[in-house]
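In what follows, a structure is listed as structure tokens, so that the remarks can point back to it.
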Amino acid sequence: MSIAAQPDPDDFDLTPGETETPAGPDAEVVDLTEVRSRRVTPPVEPDTDPDKVEDAESIDDTPPEDGGPVDMADDIPAEILDRRKDRRPILADWARSWRGVKAMAKHQTKDAGYVLAYHAVRSPKYAGKVALWAPVGAVRGIGRALHWAMAEEGNWALRQAAAQRGEADVWLKLDARRQRQSVWRWWVLAFAALAAVVGTVVLAFGPAWWSYLAAVIVVPLLATVGRPADRPITDRVSEGNRYRKLTAELVRRALTSLQLAAINSAVAKDPKAIAFPHDIHRDGPGHIAIVDLPYGVEASEVIARRGKLASALRLPLDQVWPEPAPGHTGRLALWVGYEPASQMKQPAWPLLSDSAKVDVFQAFAFATTPRLDTVSVDLMFRNFLFGGQPGSGKTFALRDLILAAALDPRTEIRGYELKGVGDFAVLEPVMAEYGNGFDDETLARCFAFIEWLYEEARRRSKRIEHYARMGKAPENKVTPELARLKGSGLHPLVAWFDELQELMTSKYGKDAGELLEKVIKLGRALGIIILIGTQIPDKDSLPTGITRNVNSRFCLSVADQTANDMILGTSAYKLGYRATVFQPVTEAGWGILRGFGKVQSVRSYYVDTTAAARIVARAVALRTAAGNVPVFPAEREVGPVHDLLADLAQVWPGDEKSAWNETLCAALAELRPDVYGGWEAAQLTAALKPHPAIKVGDVGRRIEGRAVTRRGIKHADLLSAIAERNRKRAAD
Ligand SMILES: Nc1ncnc2c1ncn2[C@@H]1O[C@H](COP(=O)(O)OP(=O)(O)OP(=O)(O)O)[C@@H](O)[C@H]1O
């Protein structure tokens with residue numbers, strides 16, 4: 001910290017450049033005004049001593065300049081403010097959150113375990129060394145004790161000098177002094193020897209474990225005394241560069257090694273150009289530095305050089321996680337883990353637990369951050385786009401979502417895997433429709449499915465309109481109650497497509513693209529959830545109409561900026577969200593997730609096919625219990641397929657012997673709004689014509705004491721019509 005020289009107007013000292021002229025007869029009369037005007041503050045040389053270079057993290061406590069503004073009387077004095085700033089939190093950052101404490105404890109336990117295991121494996125070697133060096137140590141120890149008792153060391157050099165000079169008197173005096181010193185030392189030694197003998201006798205007569213304990217303590221000590229200085233008993237636990245504590249200096253050095261001219265020139269002018277608005281602190285299993293980059297430098301420019309940053313920090317790539325930090329575009333959050341992400345064991349997917357259930361309206365665990373925090377996603381009212389080059393892990397990530405959907409028994413799942421590998425075959429037992437391949441037939445079926453989806457969206461919009469009129473869909477959206485209501489036709493429908501580029505670049509591409517875009521726009525509120533996985537996200541392989549309307553995105557490793565922005569949205573790359581930094585295969589599963597709060601790098605949970613099969617078995621059990629198995633009808637309902645008689649039986653009001661057409665129509669409309677919505681009594685009469693057993697006649701009721709007669713049917717007629725029809729069907 002340097003205290004700048006304060007120019008004092010009344011100071012008559014000359015500046016160093018001027019020679020002082022002794023006052024005398026020829027002394028010049030000095031023009032003070034001129035001298036003052038010539039006087040300049042000597043230029044301050046930049047301090048080149050690295051130890052003295054100020055740390056931008058430290059607080060500048062230079063006393064305020066005298067003569068500053070005078071109108072601050074009401075403000076808190078600057079010294080007090082400075083002192084306040086100095087105050088450190090009582091608890092360290094890591095100790096202030098449960099997550100921090102857990103991460104810290106885990107890290108320390110892991111390290112201790114490692115050291116323990118390391119030495120345990122080598123313990124036979126250590127025992128051999130101890131056995132070899134302990135006797136040597138015993139002899140050497142006795143020798144040292146005797147040497148000490150003789151007090152030869154003390155003035156040996158002086159006695160030697162006296163002997164050489166032939167000064168017998170001096171020698172004798174010195175030796176007498178040695179002897180005096182030596183007397184009490186012999187006594188100490190004698191007592192120690194006696195204690196050792198008594199100790200040995202006690203040990204010999206005491207319980208065996210006393211001797212073992214004494215041996216465990218004494219023998220290694222003797223071995224330590226006996227071993228040569230350059231050969232320690234235990235091997236060094238090599239820590240290598242497993243972890244580097246992040247310091248301001250390290251971060252600054254790393255940032256100036258990126259060959260970013262703007263950073264380097266700014267730092268050359270002012271070492272504080274890289275500033276730390278918060279202290280570097282522990283965050284989960286690592287440390288985080290929030291860095292304000294020099295003016296005009298964007299965080300994204302640093303993020304793009306993640307490889308160089310890792311090299312400058314001398315750490316593996318997947319241990320270094322730069323991200324844009326909230327505040328301004330020049331603020332960088334640099335998180336450095338205790339160990340590379342590839343070596344941090346991702347916890348098991350919570351949905352693998354036997355009791356796990358999913359409600360598609362609620363969030364479920366989907367991925368983990370580099371700090372191993374869980375990131376959750378929900379499915380309802382969302383469309384997902386997963387993109388990445390081969391080996392980036394998009395199929396596995398997509399499969400996670402479908403597995404989760406399978407655990408909600410209300411959800412109908414249909415989808416096409418256009419790669420033809422069979423990654424999704426494990427899900428077949430819970431899917432109403434599944435296609436696998438890139439042959440023309442599969443592509444045609446996939447296209448027909450998209451056409452059906454569009455019709456389904458239209459049908460659903462009518463149903464939602466009906467329920468909205470009844471006050472059951474307040475936001476004109478599917479509610480959890482409607483999704484659960486059997487026969488509402490508004491249950492969640494997951495439609496997934498992996499490697500969609502195969503369809504988009506085929507002859508069906510143009511129409512499929514247009515229809516899918518409409519489905520995405522229309523279906524979101526209607527419970528239709530579209531999941532798309534694609535390898536080549538250019539505008540031919542993925543129409544921009546689709547990418548624009550998707551609200552949840554996961555961009556895994558991609559090759560370039562275009563692919564990155566097609567998936568994450570325009571200017572994502574510029575803002576620093578760059579999935580180009582992930583390596584395919586080695587960093588499979590890593591990607592940037594957008595649409596769930598903070599945009600961030602996450603790794604999807606890894607669920608192999610065996611684990612996936614276990615989840616599917618559980619999903620089948622849940623669906624069986626809910627009455628949805630084998631699965632939703634494999635044949636897609638293409639029109640208002642319905643059975644009027646069965647529907648009438650289903651909605652028949654309790655034990656009534658007869659019911660008005662009017663009442664029945666209202667109940668039917670509630671059951672299947674898309675089919676019966678808007679039906680009137682006469683329409684029901686007409687629809688019942690093909691069933692002669694049912695005679696529509698007058699049915700009387702007392703309403704508020706008055707007899708009211710309307711057209712209606714008898715329950716007995718309905719049941720005999722159903723029996724008649726069933727007989728006919730059986731005969732066919
Ligand atoms: N979350 C993950 N964690 C660890 N490894 C993963 C993860 N996801 C995928 N992998 C591994 O990466 C490999 C490739 O994954 P996946 O098949 O999903 O890639 P892809 O992007 O679909 O590639 P392609 O386009 O060639 O099918 C998988 O075999 C798997 O072993």
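Placement of Cβ uses the backbone N, Cα and C atoms for every residue, glycine included.
Predicted automatically and left uncurated, TrEMBL annotations should be read as such.
Listed in TrEMBL:
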REGION    1-74  region 'Disordered'
TRANSMEM  183-203  transmembrane segment
DOMAIN    372-565  domain 'FtsK'
BINDING   GLY388, GLN389, PRO390, GLY391, SER392, GLY393, LYS394, THR395  ATP binding site
Those binding-site residues in GLN389, GLY393, LYS394, THR395 whose CB falls under 6 A of ligand 1, listed in sequence order: GLY393, LYS394, THR395
Protein Cβ atoms within 10 Å of LYS394 (ATP binding site), excluding its own: 29
Which of GLY388, GLY393, all binding-site residues, has a Cβ with the fewest other Cβ atoms inside 10 Å: GLY393
Candidate with sparsest Cβ neighbourhood (10 Å radius) among SER392, THR395, the listed binding-site residues: THR395
Neighbourhood of PRO390 (ATP binding site), C-beta criterion under 8 angstroms, separation at least six: GLN535, PRO584
Non-site residues, in chain order, whose CB comes within 8 A of the mean position of the CB atoms of GLY388, GLN389, PRO390, GLY391, SER392, GLY393, LYS394, THR395 at ATP: GLN535, LEU556, SER557, PRO584, ALA588
Surrounding CB atoms that lie within 10 Å of the CB of GLN389 (ATP binding site), all protein chains: 20
Cβ neighbour count within 10 Å of GLY391 (ATP binding site): 16
DSSP-derived structure type at THR395 (ATP binding site), helix or strand or else coil: helix
